[in-house]
Amino acid sequence: MNISDVCSEEYNTNRDLHVHDEKKLTVLIDNGDGGARKEDVKTSSFLHSVINMSAILIGLGQLSTPYALQKGGWASSFLLIGFGILCAYTSHLLGKCLKKDEKIRNYSDIGNHAFGAKGKVIASTFIYLEVFMALVSFTIALNDNLATVFNGKHLNISWTHLSTSQFLTVAAVILALPTVWLKDLSKISFLSVVGIILSFLIFYSVMHIAAFGGVKANRSIPVLRLHNIPAISGLYVFSFSTHVVFPDIYRSMKDPSKFTEVSIVSFTIVTIFYTTIAFVGAKLFGPEVSSQVTLNMPKHLIVTKIALWATVLAPLTKYAFALVPIASQYDRKLPSSVSSKTRWFIRGTVGSMLLILVLILALAVPYFEQVLGLTGSLVSISVSIIFPCAFYTKIYWSQISKPFLVLNVSLIVIASVLGVLGTISSSKSLVNIVIKKSLSVM
């Protein structure tokens with residue numbers, strides 16, 4: 001498969017949520033030569049766009065930011081806020097790139113416009129690598145939270161050589177398999193709304209426990225643990241990395257000139273959201289806080305059960321929106337003589353294989369903190385900071401002022417250094433855990 005072509009209008013998803021399709025309409029315009037072309041009818045207001053962008057941004061980050069803050073110290077919250085500001089800025093840069101040429105439809109097109117075919121290949125590679133690794137992280141979270149939900153309960157499944165939570169995770173993924181056989185994702189568009197509701201249920205549950213759950217938010221948070229900054233930077237930046245869907249939001253807006261304002265408002269809301277849950281979670285559970293804050297919540301409370309099940313169900317709302325567009329690329333490469341049933345079968349088979357691979361990796365490497373941190377440092381920091389700065393600088397090279405050139409180059413260098421250090425740190429941690437686990441089994 002030529003992944004440089006994996007850039008369809010159908011692709012409007014990332015590791016969290018997808019843009020509300022009802023806010024973006026498509027009509028056919030007569031070309032005058034018997035053909036037709038697609039043109040977007042821009043129907044999203046400023047408020048709709050803010051809601052879309054904010055909903056997309058809120059995801060796995062709320063599970064991990066309390067842990068990251070505790071590991072890095074309360075001073076690392078400035079890094080979290082800094083990433084929020086930087087990602088709002090790079091969102092603005094993407095908007096400027098989209099304004100340059102109406103033919104640019106998506107993130108990979110921006111890479112193509114800036115650096116040609118190689119730019120498109122690199123952008124597409126990182127897009128789908130991020131989506132795939134994020135799905136693995138989601139599935140690990142599914143397994144971990146199922147283990148907590150069914151703690152102390154055991155199924156008679158020794159013949160499978162799986163734990164109860166692993167067996168239930170396999171069952172959950174099997175239940176999700178039919179969704180990746182769908183061609184028309186609008187039939188399950190309600191799942192995106194469900195995903196949003198689940199994310200807010202998790203946030204509400206943590207706030208409820210802090211206010212009424214009998215757990216005092218008085219645990220200490222260290223000032224700064226500098227040696228942990230490379231590792232937690234990946235967790236922080238992952239929380240804001242949804243730039244791949246921003247072109248969809250831009251193109252759906254009634255007034256695209258307001259895109260920068262939409263970005264500022266949305267990132268402000270989400271940065272406050274993440275910072276709040278980071279401090280509340282860290283103050284509630286202190287040094288014992290897990291890389292998934294739901295695992296620390298008092299097990300007897302109803303709100304804990306709600307949060308755990310919300311985390312379990314969230315991945316099931318995302319698999320199809322992430323994997324169907326990837327599998328559909330095989331459909332487009334097939335000869336026109338191939339029947340629609342054969343196309344459907346091939347597309348469904350590819351999607352199923354990808355989902356099964358996600359499941360296998362999640363069960364084989366069930367280390368949420370390390371996998372999510374590696375995703376952030378290896379991929380997300382490039383998609384959300386490095387690439388937008390590089391794309392804008394290249395596209396506007398003849399017009400960019402010296403201060404902006406220095407700013408963008410500096411951001412590329414700093415983000416690259418953080419990315420490399422974070423990747424090394426997360427990789428070392430992952431390798432060490434795998435080795436220890438292997439030795440303990442021997």
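Placement of Cβ uses the backbone N, Cα and C atoms for every residue, glycine included.
All TrEMBL annotations are machine predictions without curation.
Annotation comment: TrEMBL describes 43-425 as domain 'Amino acid transporter transmembrane'.
The feature transmembrane segment is assigned by TrEMBL to 46-68 (among others).
According to TrEMBL, the transmembrane segment annotation covers 74-95 (among others). Outside the transmembrane segment (74-95) by six or more residues, the chain places 65, 68, 107, 110, 221-225, 228-229, 232-233, 236-237, 239-241, 243, 246-247, 250, 256, 259-260, 263-264, 266-268, 270-271, 274-275, 278-279, 282, 384-385, 388-389, 391-392, 408, 411, 415 with a CB less than 8 A from a CB of the stretch.
With a cut-off of 8 Å between Cβ atoms, the residues of this chain six or more beyond the transmembrane segment (121-142) that come close are 3-7, 13-16, 60, 63, 107-108, 110-112, 115, 169, 172-173, 238, 241, 244, 292, 311-312, 314-316, 318-319, 322-323, 326, 354, 358-359, 361-362, 365-368, 371-372, 374-375, 378-380, 382-383, 387. According to TrEMBL, the transmembrane segment annotation covers 121-142 (among others).
Sequence annotations record features per position, and here TrEMBL assigns transmembrane segment to 162-181 (among others). Sequence-distant contacts of the transmembrane segment (162-181) (same chain, six or more residues past either end, CB-CB distance under 8 Å): 139, 142-144, 146-147, 150, 153-155, 188, 191, 312, 315-316, 319-320, 323-324, 327, 344, 347-348, 351-352, 354-356, 358-359, 362-363.
The list of residues near the transmembrane segment (188-211) in space but at least 6 beyond its ends in sequence, with Cβ under 8 angstroms from a Cβ of it, reads 16-18, 20-22, 55, 58-59, 62-63, 179, 182, 217, 273, 277, 280-281, 283-284, 293-294, 297-298, 301, 303-304, 306-307, 310-311, 313-314, 316-318, 320-321. Sequence annotations record features per position, and here TrEMBL assigns transmembrane segment to 188-211 (among others).
The feature transmembrane segment is assigned by TrEMBL to 231-250 (among others).
The annotation transmembrane segment is assigned in TrEMBL to 262-286 (among others). Within its own chain, the transmembrane segment (262-286) is flanked in space by residues 46, 49-50, 53-54, 57-58, 61-62, 65-70, 74, 77, 80-81, 84-85, 87-88, 91-92, 95, 203, 206-207, 209-210, 215-221, 239-240, 246, 249, 253, 293, 296, which lie at least six positions past its ends and keep a Cβ under 8 Å from the stretch.
The transmembrane segment annotation in TrEMBL covers 306-324 (among others). Long-range Cβ contacts of the transmembrane segment (306-324) within its own chain (Cβ-Cβ under 8 Å, at least 6 residues beyond either end) map to 10, 12-18, 63, 131-132, 134-135, 138-139, 141-142, 145-146, 148-149, 172-173, 175-176, 179-180, 182-183, 185, 188, 191-192, 194-195, 198-199, 201-202, 205-206, 292, 294, 297, 347, 351, 354-355, 358.
The transmembrane segment feature in TrEMBL is assigned to 344-365 (among others).
What TrEMBL records for 371-392 (among others) is transmembrane segment. Among residues of the same chain six or more beyond the transmembrane segment (371-392), those with a C-beta under 8 A of the stretch's C-beta atoms are 15, 60, 64, 86-87, 90-91, 93-94, 96-97, 107, 110-111, 113-115, 119, 123, 126-127, 129-130, 133-134, 136-137, 140, 230-238, 240-244, 291, 365, 400, 408-409, 411-412, 415-416, 418-423, 425-427, 429-430.
Nonlocal intrachain contacts for the transmembrane segment (404-424), taken as residues 6+ away from its ends with a CB within less than 8 angstroms of a stretch CB, comprise 86, 90, 93, 230-231, 233-234, 237, 373-374, 376-378, 381-382, 385-386, 389-390, 392-393. As annotated by TrEMBL, transmembrane segment applies to 404-424 (among others).
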